[in-house]
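First up is the structure itself, then whatever we jot down about it.
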Amino acid sequence: MKAIRGAITTENTKEAIFHDTISLIDEIFRINKIKSSDVISIFFTATKDIDAAYPAEALRHNGISNIPMMCFQEMNVKKSLEKCIRVVVFINCEDDKEVKHIYMKNAKLLRLDLLNIKVAIDGPAGAGKSTVAKELAKKLNFTYIDTGAMYRALTYKVAIENINLEDKNKIVELASKIDIDLKNDKVLLDGMDVTSEIRTPSISEKVSYISMIPEVREIMVKLQKRLSDKGSVVMDGRDIATVVMPDAQFKFFLTASPEIRAMRRYNELTSKKIPVKYDDILNDIKKRDKNDTERDVAPLKKADDSIVIDTTNMSIDEVVSKMYNIIANG
């Protein structure tokens, strides 16, 4: 005997409950190649906001009357998925039969371990990519990979080693030797936490030059590709959707006016007691935009299938919610 789990979100109407319950069971049967005679019993649960019909009633209505079924109401847990029907289908089968659990609509977010979703976020400097990506990954329970931080960590290492930015051979050699790791929102460089150090204006001024070196990008992209294959991830940068994860299921391009981006960066740095001038940041952003869009290697550009989101008049929460809904309904 084996148990196949599944879930689907629905609306609290009899028609929707019937339709979605039947869709879920049909998909479980189809994917697992089972028929009614293989089924021992079916247990349903539903969240408390579903009371227009019993899920089991949908199957009875659809002609399945020879399988024992039961329906249970779930406890009410704060911030849990709303209007959700869950099911466990018990089947007679060989012990070595592999079963696939089925999660549909928004319910797919209940079992992210069953998915391998890649979310790519591109955009110019200061568009809010890192902040949005971090919050989105947290909401989705995906792994967040800050590719910009990887280049910043290398740039920081170049700075403390006093390597000339024109000495590309030394920079490439350094890139091949250093250990960069991203853990629990921390950026580790050779085991040392440099999360704050890599966000200073001096590093921001230099990082575009480092990232333009073809051999450096080759090293970083290989690392990023390896990281992206370790389950569901949210990754942000300049060329994620076009170079690093062209196969990403969801691609976003965040943008905002240079003035808004400069103000955001100014507020971020001053909140950390870092002395900066708004005009300097604005000029730096315009310079980085020029460097990023005109460089020969992997220039900043929107992927043809990216969804553009102008964040100029949007809060972080609004941007995250919009992206989350697109992914959840995708």
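Using N, Cα and C of the backbone, Cβ positions are placed for all residues, glycine too.
TrEMBL annotations:
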BINDING   Gly123, Pro124, Ala125, Gly126, Ala127, Gly128, Lys129, Ser130, Thr131  ATP binding site
DOMAIN    119-327  domain 'Cytidylate kinase'
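Confidence over the domain 'Cytidylate kinase' (119-327), given as mean pLDDT on the 0 to 100 scale, stands at 91. Taking the mean position of the Cβ atoms of Gly123, Pro124, Ala125, Gly126, Ala127, Gly128, Lys129, Ser130, Thr131 as the ATP site, the remaining same-chain residues with a Cβ inside 8 Å of that point are Val132, Asp236, Leu254, Ala256, Arg261. Long-range C-beta contacts of Ala125 (ATP binding site), restricted to its own chain and to partners at least six residues apart, with a cutoff below 8 Å, comprise Ser204, Arg261, Arg265, Ile285, Arg288, Asp289, Asp292. Same-chain residues at least 6 positions away in sequence with a Cβ under 8 Å from that of Thr131 (ATP binding site) are, in sequence order, Ile316. Of all the Cβ atoms in the protein chains shown, 26 others lie within 10 Å of the Cβ of Ala127 (ATP binding site).
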